[in-house]
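Have a look at the structure below before the remarks.
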Amino acid sequence: MAATRTLKPWAGATALAFLATLAGGALLGLAVEALRGSTEGFAAFDSYLWRVARFTLMQALLSMLLAIAFAIPVARALHEHPAFPGRALILRLFALPLALPALVAVLGITSVYGRNGLLAFGLNRLGFDAIPNVYGLTGILLAHVFFNLPLATRLVLASLDSIPADYWKLSSQLGMGSWARFRLIEWPVIRRNLSGIAGLIFMLCITSFTIVLTLGGGPRATTLEVAIYQSLHFDFDIARAVSLTLLQLGLTIAILLLLSLTGRPAEEGFSLQTTARRFERPGRTTRFVNTTIIVLGLLFVGLPMAGTLVSGLGADLLRLMTEFIVWRAILTSIVLGAGAALLSVLISLALVMAREYQQSRRQAASPGPFERGLDLGASLIMVVPPIVIGAGWFILSRHAINPFSLAPVMVICVNAAMAVPFAFRILRPAWDTAASRHNRLCLQLGISGWNRLRLIDGPALRLPMGVAFAFAMALSLGDLGTIALFGNDSIQTLPFLLLQRMGSYRTQDAAGLALILGVLCLLLMFAADRGATRLARQDGRTDD
Amino acid sequence: MIERPAHKTTGGAAIRLDAVRFDYGDMAMRFDLAIEPSSIATIIGPSGAGKSTVLNLIAGFESPLSGRILIDNEDMTNVDPSRRPVSMVFQDNNLFAHLDVAANVGLGRKPGLRLDEADQSAIHDAIVKVGLAGKEKRKPQALSGGERQRVAIARALVRNRPVLLLDEAFASLGPALRQEMLDLIGQLQGDTGMTIVMVTHHPEEALRLPSILFFLENGHVAASGPARDLLSDRGPSLLRKYLGSQELSL
């Protein structure tokens, strides 16, 4: 093969170096600090720390079990009724929490289960005197299940869809009952994917920051991530922050290692296609039970969203929109979010391009260290959570400059890195397909470099890049973790402002801001979803 | 759980498709056909002619727009697949990969797999009959393609329904193995008197056993009669045309 000069490996190396610096700098900061005040630092490994670690694991485990336990019946019911009214809409709704900012969801949850929420109102009307308390473990679990039940449902449904149609024919001919069908057909398939689904949810709950910060009830219900934030932000106890961060890092690495032994995390969940056909004719009881399950699942996911909408509309939106500080926050969020999304797409594209280049050069040989490094770089943020990166740079930079002045850079960089795993997964199939279609033809015709990017690959990538950008921006817009560490009066994003208003009990304002933030994110998500659907349709066609 | 309907004995059942209309995509299909009890019917025809659709209609996996489906002179048009006196063997995916041979066969007795002594002995007999004695504990991946289809046939045997549908059941097997399987089917049909309806891409299969041939084209039966007559040189011209394009496999 002709050895054309190419910048692709360099682009990939640069992206990788950026990610490595981001994570490595943070780790360096922590290491320096840990060594400097060694006695003080390790003294901080006290009983408080272990209690926090235990609670972190416990809430994640419970959240995961609950989400999966409820997701399986919902997915089964949805699968059994391919013609259920509004089924496509329900699945679309179940995709929304993926991009819904955690803060918005928290407000939605309190509007349903909180002291003045829908549930309290209903109980009151029925004559019960109980006042629900949503703070503490209950609230954390509710919010985590709210986020992960839809995700798990979609993933389990995807597993069910992978069952060959002949099995459904057979089960209906053999007259299997619901239990036999579950035991003999569905469970074996679900079980095969379960470790991936469970691992994904567990990781998401271990690193969940906003929900625990806002719904956790003080020191008894706090996780490592929140404790790191509090020790830096309120107590300025560097030694404790270091030991907490090291513990968090050790925990995520241990869990990821464990996961790599049991199975890869599931990667589907973006597609809406469900094509399975069922052949049994469900009786009246089955129909009733399944309808009830679907409606309950729908209410659980839909009510908090509706709650956000209703209480947001109840806020004085007109007054909010006249506040300078609100407009500044919206603008700051959009600028930082767009910056992060752009950076994220560029990094991912560089990784994807370099990866495919290395792969096509080695032919059938096994991947070299650079190619594996590129793959690893794409999911680096899974190993080193954003809050660890933020904390590390916060601690490292404070000797040289005022860490708060780093806020915009940190928000853009960390949020970009956060979105890389998603952007990478959107861009990679598009790029690889384009490459496999065009590589030989371009070599033969001598189209290379800038010309090839402009004429051949660019047009093929426009749509996936748009999807990745919209999705990355929605993620960044809603993120609170980094801005909570670095935010201050001179730089406030929408989630930061929202947290402040919540903190000063200006509930109405918070509800209004949550609505604005939610709408912004959902618009982006909607755009991403439409793009992804068009992308799927394009892939379905052989020629374009 | 649905109770097994009381099809008391072996022996075949007559099948009749009476003015059955069905739309498959753009193609409007209409089937009129009658199959004698305890006979062997072979359905051939070009791809997309509706061969598998006929089997799916008989088994109840598809519902006709109009018309009636009669099995053993009973109207089965709106009957649930599990309550029809029918077993079906597909080309692939007949077996559950995580269950061993005996359990896969056992599903034909009790779909919840709570098997008693009588079930066990019926399962054993069926496994012996299809020539898989000693392989009861094997998982499907440890079987050859032909052996897997034997397991599916054994399951049909323990279900003891008067109609057996074969949907290109042997299409992925080599020629010698295919004939072996046909001989097994013929032998079992002799023992039980089941009515057998098979869809195939290989017209020579229709000659291996004394069968009635149905030639499908564009969603209807274009020709039917004893296979020996239809597949001879004196057969109808449209069939000869079809066979001409199939020459290689003959």
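Note that Cβ sites are derived from N, Cα and C of the backbone, with glycine treated the same way.
Small disclaimer: the values here were computed from a predicted structure and weren't measured.
Over in TrEMBL, the protein carries these features:
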type	residues	note
DOMAIN	A:53-257	domain 'ABC transmembrane type-1'
DOMAIN	A:330-528	domain 'ABC transmembrane type-1'
TRANSMEM	A:55-78	transmembrane segment
TRANSMEM	A:90-114	transmembrane segment
TRANSMEM	A:134-157	transmembrane segment
TRANSMEM	A:197-218	transmembrane segment
TRANSMEM	A:238-259	transmembrane segment
TRANSMEM	A:288-313	transmembrane segment
TRANSMEM	A:325-352	transmembrane segment
TRANSMEM	A:373-395	transmembrane segment
TRANSMEM	A:407-427	transmembrane segment
TRANSMEM	A:463-486	transmembrane segment
TRANSMEM	A:510-528	transmembrane segment
Give residue numbers and ranges for long-range contacts of the transmembrane segment (A:90-114): same chain, 6 or more residues beyond its ends, CB-CB under 8 A.
78, 84, 120, 132, 134, 138-139, 142-143, 146-147, 150-151, 153-154, 157, 208-211, 214-215, 269-270, 272, 274, 294, 298, 301-308, 310-311, 471, 474-475, 477-480, 495, 498-499, 502, 510-511, 514, 517-518, 521-522, 524-525, 528-529
Give residue numbers and ranges for long-range contacts of the transmembrane segment (A:510-528): same chain, 6 or more residues beyond its ends, CB-CB under 8 A.
95-96, 98-101, 103-104, 107-108, 111, 308-309, 311-317, 320, 326, 329-330, 333-334, 466-467, 470-471, 473-474, 477-478, 494-495, 497-498, 501-502
Can you work out whether the transmembrane segment (A:407-427) touches the transmembrane segment (A:197-218), with the criterion being 3+ CB pairs under 8 Å where the paired residues are 6 or more apart along the chain?
no
Tell me whether the transmembrane segment (A:55-78) sits in contact with the transmembrane segment (A:325-352), defined here as at least 3 Cβ pairs under 8 Å among residues 6 or more apart in sequence.
no
In terms of Cβ proximity under 8 Å, which residues at least six beyond the ends of the transmembrane segment (A:325-352) contact it?
11-12, 14-16, 18-19, 374, 377-378, 408, 411-413, 415-420, 423-424, 426-428, 431-432, 461, 465, 468-470, 472-473, 476-477, 491-497, 513, 516-517, 520
